[in-house]
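Trainee: Below, the features straight out of TrEMBL:
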| type | residues | note |
| --- | --- | --- |
| DOMAIN | B:48-67 | domain '4Fe-4S ferredoxin-type' |
| DOMAIN | B:111-143 | domain '4Fe-4S ferredoxin-type' |
| DOMAIN | B:144-173 | domain '4Fe-4S ferredoxin-type' |
Amino acid sequence: MNIDLSRRGFLRLAGAGVAATSLGAMGFGEAEAAEAAHVRAFKLATTTETRNTCPYCSVACGIIMYSKGDVKTGETAELLHIEGDADHPTNRGTLCPKGAALKDFVHAPTRLTQPRIRKPGASEWEEISWNDALDRIARAIKDDRDENFIATNEAGTPVNRWTTAGFLAASATTNETAWLTYKTVRSMGIVGFDNQARV
Amino acid sequence: MKDIATAPTTAVSNPPVQPTEAYFDARDVVRISATRDVPRPERQLEPVAKLIDVSKCIGCKACQSACVEWNDTHPEIGENVGVYENPHDLTPDMFTLMRFSEWENPATNELEWLIRKDGCMHCEDPGCLKACPAPGAIVQYSNGIVDFIHENCIGCGYCVTGCPFDIPRISEVNHKSYKCTLCSDRVAVGQGPACAKACPTQAIVFGTKEDMKVHAAERIEDLKSRGYENAGLYDPQGVGGTHVIYVLHHADKPGVYADLEENPRISPIVEGWKGVTKTAGLAAIGLAALGATLHGLFSRGNEVDDHDTQAADVLVKGRDPDDTHGGQV
């Protein structure tokens, strides 16, 4: 495209350009109407709060999970953010670096969401349904307990011990869960019982 | 009906989930980059501050985790190069960084492991804002928060040059500058920054600057009673004071904490360029424009008189047109 521009016209345009930019530089630049100052929209507005316990160690810090959507009302909840619960007596809102990064733990592509089994001799894990998993566990527990349960010691005193199986429980549970776990495990006579915080 | 948030005095509280109106906004801006004569706000907000007590810091990096989670940044997975710092420098995706220094104290001959949380200091007189040529890309609110408005950022990197603490980082993805916002979005709804809330030892605390100074004084007294005679507050006056302040056990030697600036000042080049040079340059442009206008208005165009014609003829034809003899000159 050719522009028919005389020398005089060119100089005139150039002059106008210089004048305009100079005016801008001298503080008449408000006409540019820059995006007004603003802070980022608060991302937790209208989210659903869910109180929970951090699953990592036995300190069991209180956390609040913030999600878009409420599972209780039948919606799908998308987890947006997790932070420490300031009302929780254990941590008063603080979290360690692992706890502070819990959102990524929940969203991790490698997160275990289904029971898996590695059969004797196999090198790979395979997925298994909860029903099958629980049946297998019950069978194995029953067989081992029937075989190795010690009802009485040498003196004939009842001891009801089952020493060939151990149980590893979660460290961060509610009092109720901890009570149930303890009762279940001890009622079978299991002696080796610990939680994963000491692992 | 939205509730209006109140200014935060602590980071130990749970964020609201009901829609809450920010307690400060564009009306509370006191400085705007590349903009002079910002109207004075009608109200003065209570200045806020984040206090970092390096003597209580255990270097766990919960602050870094919390910062990444809150600001939705996605730093790359790092590589261990033999030091604890990870990443190895601030990045556009990591606004805060624990810096670890091993320092042999000449007074005691003991090795001290010093840990400092690095990040934007939110200067009262921000060098980034002064250096920034993009109108509205950097603003300062009257509570002291210096915030980047990314829509207006042109990615020139002048803020990095202007910053006495070398904090902002330019993203190679969208060519915008990034740094700590002091969680302005949280503060706006009455919450403290994510790092201060997460900090397990509460080495990072948040509140009004006055409260933080009082808290710092208590900490300094405690440190002095434990033998740290030079314990003190780092609130550098060279940049008018900052809204992120440190309690240092060796306040006489800030440099031992991963080269914390002894006496930070805005670079004289930035000061000169945006100060004297800019004024002088604008004056020169103005004078030139004025001169050109006056010249255009008052001087007449050149007119050709007989003498000029004759002189031109002599030059072009090599002879005097009146010379009838045809002889050469």
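Keep in mind that glycine also has a Cβ here, set from the backbone N, Cα and C atoms.
Heads up, TrEMBL stuff is auto-annotated, nobody curated it.
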Trainee: Checking distant contacts: for the domain '4Fe-4S ferredoxin-type' (B:48-67), what same-chain residues at least six beyond its ends satisfy Cβ-Cβ under 8 A?
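Mentor: 7-8, 73, 84, 86, 94-98, 100, 114-117, 122, 143-145, 180, 182, 187, 192-209, 212-213, 215-216, 219, 223, 228, 231, 242-249, 257.
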Trainee: Restricting attention to the domain '4Fe-4S ferredoxin-type' (B:144-173), give the mean pLDDT.
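Mentor: For the domain '4Fe-4S ferredoxin-type' (B:144-173), the model's average pLDDT rounds to 96.
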Trainee: Give me the DSSP three-state residue breakdown of the domain '4Fe-4S ferredoxin-type' (B:111-143), ordered helix, strand, coil.
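Mentor: Counts, helix then strand then coil: 5 helix, 13 strand, 15 coil.
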Trainee: Under the DSSP assignment, what numbers of helix, strand and coil residues are found in the domain '4Fe-4S ferredoxin-type' (B:48-67)?
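Mentor: Once the DSSP states are binned, the domain '4Fe-4S ferredoxin-type' (B:48-67) shows 6 helix, 6 strand, 8 coil.
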